[in-house]
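Taken from TrEMBL, the feature transmembrane segment covers 77-103, 110-130, 195-218, 238-257, 277-301. Under the heading domain 'Palmitoyltransferase DHHC', TrEMBL lists 151-313.
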Ligand SMILES: [Zn+2]
Ligand SMILES: [Zn+2]
């Protein structure tokens, strides 16, 4: 704040000059009185022994933060509805367009694979999305007198245990807060972090599955639409493909093309082609972006960090390095153990029942105290 600094400097100069001429000031008393009053007013507005550049920055940008938080809070439901509509549209296309095609053209083994995998993936996505949105991330209890705390929340005026952070959108302190997710309209914290990650993972798998298994359909549908457009411009002409283009799905040897001119495109054909293009473009882009997000969170989980701790740990590492010391993340229990703790895996069978199947088991600990695990890797089972 150069303006503020120069103002304070000016005041100091004036004070020094007035001190130097104490008793000799020729200004009338009423002007000196007004001047003293103005000085007091300015200092009462600006002076604070705790004020630093961060506080000034926060105060200046407070209206912007407030607007973003307000919009996110009120548009949270819109984002959730959007996610549900997009997922539902892909499911509808899969049932109405793809499933009949698969049933008519694929061998029984491939039919079994697509039906089983597709439904398992869909169940996992729906379950984890529902749980991530509906599960409370974990709030500070009213009475936390016995809980060791590391700082005090300036907004809630409550002691904060380790890993707890204040969310401006929820306007509450969240236990082991990771971030506030607008797509869930919920904070991601201690009790729903696993649901959030599993949703991202299974959503990515679902998108990649749709994108890979639908790539031939997409190419055929795209070419068919292009050809149709071309024919439209060069009438008269006879369309040479109908549903035949979708036969790209057939295994080699079973593909047969129309030797004679098939019936022209119908409205239904066009809709099918457009649906396939929509599905492929949406699942491919969502798969790429969600895949990157999932990998990012997987790296953080491996390190025993949340998204917020990623930044705090980085600055802490730098600070300790300047003192010639090495910072060690106290919540890092070893890569595999971090995953076991995160997923709630206590024995081998849990990898199937708790990770690959829908499971509502609670996470380790209460989110308030973090000294429940030994840092020795061998003490954690499995
Ligand atoms: Zn708070
Ligand atoms: Zn929040």
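Positions of Cβ are set from backbone N, Cα and C atoms, glycine also.
Remote same-chain residues near the transmembrane segment (110-130) are listed as 83, 87, 91, 94, 102-103, 184, 195-196, 198-199, 202-203, 205-206, 209, 213, 358 (criterion: CB distance under 8 Å, separation of at least six residues from the stretch ends). Within the chain carrying the transmembrane segment (277-301), a Cβ under 8 angstroms from the stretch's Cβ atoms is held by residues 86, 89-90, 93-94, 197, 200-201, 203-204, 206-208, 210-211, 214-215, 217-218, 221-222, 225, 307, 310, 338-339, 342, all 6 or more beyond its ends.
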